[in-house]
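A.B. asks: First the structure, then my questions, so here it is.
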Amino acid sequence: MLSISKTKMDFLEEGRWKDPFDELLDSRTKLSKMNIVKQNVRVTYNIDSSVENSSYIEIKEPNHKNEPLTLEDCSIKVYCPSDSISTPCDKRLGGTTGLFETDLSPITRLKLEGVEDSRDKCADTNEADLYVNVEILFQNINSSPKKCSNFGKKRLSNLNKMVTAVHPSISLNPGKWRKSLNNFIRSKITETNFTKKVERRSSICQDRKSLVLKGEHKFENKYEEDVLKYCHQCTPLPFNTAYEQHKLLNTKKIGEGAYGEVFRCSRNQEVLKDHISDIVLKIIPLEGSTVINGEKQKTFSQILPEIIITKKMCSLRTSKTNSTNGFVSIQKVSLVKGRYPPHFIKLWEKYDNEKGSENDHPELFGDNQLFAVLELKFAGSDMANFKFLNSEQSYYALQQIILALAVGEEEYQFEHRDLHLGNILIEYTNKKHIVCTFKSSNLTLLSKGVNVTIIDYTLSRVTINDCCYFNDLSRDEELFQATGDYQYDVYRMMRNELKNNWSSFSPKTNIIWLSYVIVKVLDSVKYKSINTKVHRMYIDKIKELKNIIMTFESASHCANYLFNLN
């Protein structure tokens with residue numbers, strides 16, 4: 001049996017219900033009383049924030065068990081940012097007010113006291129050497145089944161006891177899951193027998209590598225060619241030339257994530273008269289060997305599905321049988337090469353000085369660095385931060401969301417699979433009506449002064465030209481262990497609905513997410529006027545929709561009911 005000295009137990013007594021991260025943030029802990037200087041912990045303001053300043057305390061075992069702990073017995077170790085994950089604050093694309101402020105919420109597993117984790121691989125857990133190390137740890141246990149821990153210092157006497165990993169639930173705030181989910185799979189849909197299905201051409205993007213199932217050793221070159229094709233380019237453009245300062249007006253950085261940087265600007269209409277004036281530039285580094293923002297850079301094979309899905313969902317604006325403006329408009333995609341332009345660096349530094357950036361300084365990029373730049377139409381504030389006039393506005397916003405999903409289902413077997421409030425953008429509009437086409441029928445909705453846009457297809461599933469694109473979440477256990485908000489119940493409900501087969505088309509997942517959005521419209525979104533008769537009347541309508549939403553099998557089914565369609 002592992003024994004810990006009474007001195008150490010006394011040290012843990014006051015904070016025995018707190019994890020080490022809480023102790024770092026609590027000024028009343030014993031560490032503070034010992035005058036140990038803690039690192040500054042920065043409150044996060046960014047669109048996709050993570051706990052980049054997480055650390056843990058290592059307590060060396062005293063030479064004499066009865067001697068009290070001293071300052072020399074403790075040291076601060078900075079935890080690796082690449083393994084530090086958190087739920088982010090809600091997205092905020094623009095606006096004049098300050099960005100939404102959120103508490104730090106680390107997403108890691110808490111290691112048992114007295115055990116040290118390393119990244120060494122071993123073939124069998126029973127054959128691993130087990131040791132004791134007296135430490136208080138805050139570490140991330142890698143979810144890969146091929147990796148296990150190798151512990152040091154004091155060997156346990158009994159190796160016959162079963163050692164099991166404990167996966168505690170993780171309490172989080174609602175928002176975007178920061179951890180990169182690069183498990184996009186493209187598979188050919190075919191009705192042939194099982195043998196032929198195994199041999200079909202497909203590729204799996206996982207762990208930042210392209211895993212090939214059949215004869216695609218040259219696929220990386222083909223992915224680059226495909227990206228260039230969607231960019232309408234033959235070769236990468238010089239970064240400085242493609243985005244010269246005089247071509248962009250009122251540029252400012254509005255957010256960031258592990259994927260890269262987000263800038264908002266206006267196009268110089270004299271230079272490009274046919275372009276949208278108010279745009280968002282999403283700049284994503286590609287194919288470099290340098291680890292950026294704690295993660296490996298995306299490959300061509302990983303950025304290609306995002307480009308394809310974004311373009312296809314945008315194309316629904318002009319489709320004849322099923323059309324909607326409810327998905328974000330992508331104006332242009334560019335592949336550029338070279339160092340970050342100086343004017344972008346100045347904007348990055350201004351953002352860092354005012355709000356604090358968690359990303360690496362873009363001066364790290366060299367002359368040969370590649371970037372994908374997605375130019376998207378600015379579409380307003382996310383639903384979590386938007387303030388509705390009353391529930392009448394939010395009710396008609398719900399109708400826009402339902403119809404957009406229904407159109408996506410009909411045209412591309414679309415499932416969003418991550419429709420939290422940060423992925424729904426809303427802006428005011430002077431248009432009285434929203435027009436769309438559903439199953440060749442023209443529909444006109446009242447806008448009530450708001451226009452809704454759905455964004456972010458990281459977890460989405462679509463069928464395009466007999467190919468299915470989806471993100472395989474079957475091995476991402478951390479996502480399904482999270483608690484603290486209905487959002488994380490929805491991920492588990494999706495997994496049950498799909499039976500963990502993420503390639504299958506099950507539009508019920510859209511209904512599950514609609515139930516989540518309806519709950520948030522009732523409980524979380526902001527309203528200006530809540531004491532009016534109109535507000536109370538439409539709150540009742542939204543409650544009625546909440547009571548029946550789970551009876552529908554798809555957004556199409558729901559739209560048929562709401563708009564009395566056949």
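Backbone N, Cα and C define each Cβ position, glycine as well.
Okay, so Swiss-Prot annotates it like this:
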type     : residues                                 : note
ACT_SITE : D418                                     : active site, proton acceptor
BINDING  : 254-262, K282, 377-382, 418-423, 456-458 : ATP binding site
DOMAIN   : 248-566                                  : domain 'Protein kinase'
A.B. asks: Please compute the mean pLDDT of the model over the domain 'Protein kinase' (248-566).
C.D. replies: 92
A.B. asks: Is it possible to get the count of other C-beta atoms within 10 angstroms of the C-beta of V262 (ATP binding site)?
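C.D. replies: A count of 22.
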A.B. asks: Distance between A258 (ATP binding site) and the residue listed as 'active site, proton acceptor' at the Cα atoms, whole Å?
C.D. replies: 18
A.B. asks: To the nearest Å, how far is the Cα of T458 (ATP binding site) from the Cα of D418 (active site, proton acceptor)?
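C.D. replies: T458 (ATP binding site) to D418 (active site, proton acceptor), Cα-Cα distance: 8 Å.
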A.B. asks: Express the distance between the Cα positions of I254 (ATP binding site) and D418 (active site, proton acceptor) as a whole number of Å.
C.D. replies: 22
A.B. asks: Neighbour count, 10 Å Cβ-Cβ cut-off, for A258 (ATP binding site): what number do you get?
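C.D. replies: By my count, 20.
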A.B. asks: Need the DSSP three-state call for T458 (ATP binding site) to compare against my parser.
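C.D. replies: It is coil.
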A.B. asks: Among the binding-site residues listed here, I254, A379, G422, T458, whose Cβ has the fewest other Cβ atoms inside 10 Å?
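C.D. replies: Selected from the binding-site residues I254, A379, G422, T458 on minimum Cβ neighbours within 10 Å: T458.
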A.B. asks: Can you give me the Cα-Cα distance between D418 (active site, proton acceptor) and V262 (ATP binding site) in Å, rounded to a whole number?
C.D. replies: 20
A.B. asks: Going by DSSP, give the three-state secondary structure for G422 (ATP binding site).
C.D. replies: helix
A.B. asks: Per DSSP, to which secondary structure element type does V262 (ATP binding site) belong, with helix, strand and coil as the options?
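C.D. replies: Assignment for V262 (ATP binding site) reads strand.
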A.B. asks: Can you tell me whether DSSP puts A379 (ATP binding site) in helix, strand or coil?
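C.D. replies: A379 (ATP binding site) sits in coil per DSSP, no helix or strand.
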